[in-house]
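According to Swiss-Prot, the protein has these features:
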BINDING   34, 35, 36, 37, 38, 39, 40, 41  ATP binding site
COILED    176-364  coiled coil
COILED    392-502  coiled coil
COILED    535-802  coiled coil
């Protein structure tokens, strides 16, 4: 990731500020400088906040980032543009705030844009999803960003001096090692679950074993005394237990079957005795009922006599009823004959009236026939009258259109001849255009190669000149450096140390006298005068310091120039001069112009020919269409003439309107005549049919009357014969018998009921006598007592058998469950043994006492330390190396870092380093960390790094080494920014981002030294 542009509104001390990082050329090293509290670190906070919604340091909350001088109605926002993998993105984040005058908080906003074809297109517009998009895009979260891109103030050396637990938190975030801890927890939970399941199975086995029924049997009790943990012994005892249970069940079953047989015998005897007793009682009752039934015999015989008489008189009664019906029919037939005769007379009168109307209508028949003839002949004309009328209307228009179409057709034919003359023998040549295009492309390629080579040669000359200038500067500075070193060597440094002893010598002089023994050398003091020129010594010391400072500055300049020469050499190696044509640029441009002119001429000719061909095709099509229209016009004109001739010939009319009026009038007259004729014919037909019907009815009624008279005569003869047979003299005898008919159904029912009951009792007495014959009735009370005794014994044994059978089956089920649990338990212990061992190993129960996560983190830390030591060796002049403390214990350990001093060949605690040495180690470790994370993550693009403070603890030489390290980072293509108050850095680093504050707000600007 490489910053391009940063815009801050109401953020920290910046009310409205923009920083254009594109002014930093070639990823050069730059310094961020300013007074304390001016807002230098806020620049890093702004970049981190724009991307992740957090500050660059964990101590700063989001609310602390808003400017105290911001307008209460304006939000805090940051807009950050950056480049990642050759693609440009922009993020805009607005912080939440309570707008002045409101009580509710305005929510945060976050938008992510990507530049596509020179314009920004939105990718995300929500805070949570947008932040997640940035994390996935960069490949790091906020904590990783602080470790890789921004080394914040106060946290620069945190990773170096942190203990194992703190390092674990940092490394866990950077290398996503929580998944290994998650694996450990998963395995731990799995083992816990498996152990719980195993324990549960032991409990289930024990519970089932305790629930097995012993039947108070000593053998079973002995088998059940085995402890449930002895699962192998349980397996041995289970078959024995099941066999003994079956023996007990068989014994109980035998007793039960004997009791059932004894009960069935007494039950059968009791049932038979009860049936015999019931049959005897029923027999006695039926005999009494039979005697009572016989007493009703005389009454039943009287009823049967009446019913016989009623049956015999039935025929006579039927004849009497039939006589009445026949007499009624004769009267009705006479009435029908009279009515029918009257209807026939009325129909004859109606027919005479209609015949008169028909005669009057036939007198107009000739006139109607002539009209029908006209209608038949002209019906086809009238049905298509619109066709003939349209012909009269269109004939003149078609004559005019035909003449006009003929003129237009002649004009088009003349135009076609003109176009064909223009085309002549010319043809389009597109192959020539392709050939010319290829030639022009080749010439352009040759011209571009020549121009690129000229540009590359100019760039090469410029770079060679820059390189020569830098080498000259290095030679000049090397010469000056040698002179300064020679000048420095001329000073006698051994006498310069007395300058610091001036006050000490004065104290000794004040304490001794001439002739005393010197407390330093032991000689006698001869003189107390001034033998040392301390002013001269101080002057020489200042001269030496000035020379050393100049030497140091020249060395720094030489190092910078060497880095710049290295960068120039890389550019020179990237310059590629291609093989070019032997022709000059002028000749190629001339050939290009000639071919372009030829191409344009051929294109114009092709275009002209295509236009003429298109015009020819267009004219041909128009001529064809005109000819079709002319043919159609002539056809339509002929059709109109034929239709008019046809109309006038058939109708004898030359006016459509007159024809239509007369035709419709004739049709109306004919229709009226035909309707009236049809109506009269229909009436005559109806009258004829009605008269025929009535005549048939009259014949029918007369035949019926004759039949009824004959039936009446025969019926009277039958009545006389029946009365004679029954010895009846008059109608009174008949009436008396008829009176009995109301009681006939009741009498029949009474008779039938008596006979049915008589037969049933007779049959039942015979059945019961056969069932009780030769059988003795036993004492019911004795049988009942014996029955209850046998039944109680049987039920007791059945219940006992059911209980024993259930308990045996239950024992079998439980022993089967126990066997199933034991088999599953054995298999489970076998299957889970590897998981138990793996869980112990990843939890730290191994020869190194390390958890899986700590083992992985130690691996990454070793990689980081190895990478860091490459730079620390250079910065410490091969004195210090970082090492990981090997002493480990169970849990979080093994991540502490010590320093190994190659001078003493011993390792010591990191806190024993000086401030400058700690900075060197922290910087080397931080750079090593970022590089290892980039190697492991793959997708992270580290194109920039920013360092906040830490350089103030370095001496001049160490500062030079640190700067060389950062310059090497810059030469690898990474933008490096530093925040520092060290004045030496302002002189050494040419590009400075100044942050100025007026106690109200801050502003920034880039300047070059």
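For all residues, glycine too, the Cβ spot is worked out from N, Cα and C.
In this view, residue 40 (ATP binding site) is surrounded by 25 other Cβ atoms within 10 Å of its Cβ, with every protein chain counted. Mean predicted confidence for the coiled coil (392-502): the pLDDT average there is 81. Sparsest Cβ environment among the binding-site residues 36, 38, 41 (other Cβ atoms counted within 10 Å): 36.
Listed in chain order, the residues near the ATP site other than 34, 35, 36, 37, 38, 39, 40, 41 are 13, 42, 995, 997, 1002, each with its Cβ within 8 Å of the site Cβ centroid. Residue 37 (ATP binding site) is surrounded by 13 other CB atoms, counting those within 10 A of its CB over all protein chains shown.
Fewest Cβ neighbours within 10 Å among the binding-site residues 34, 35, 39: this applies to 35.
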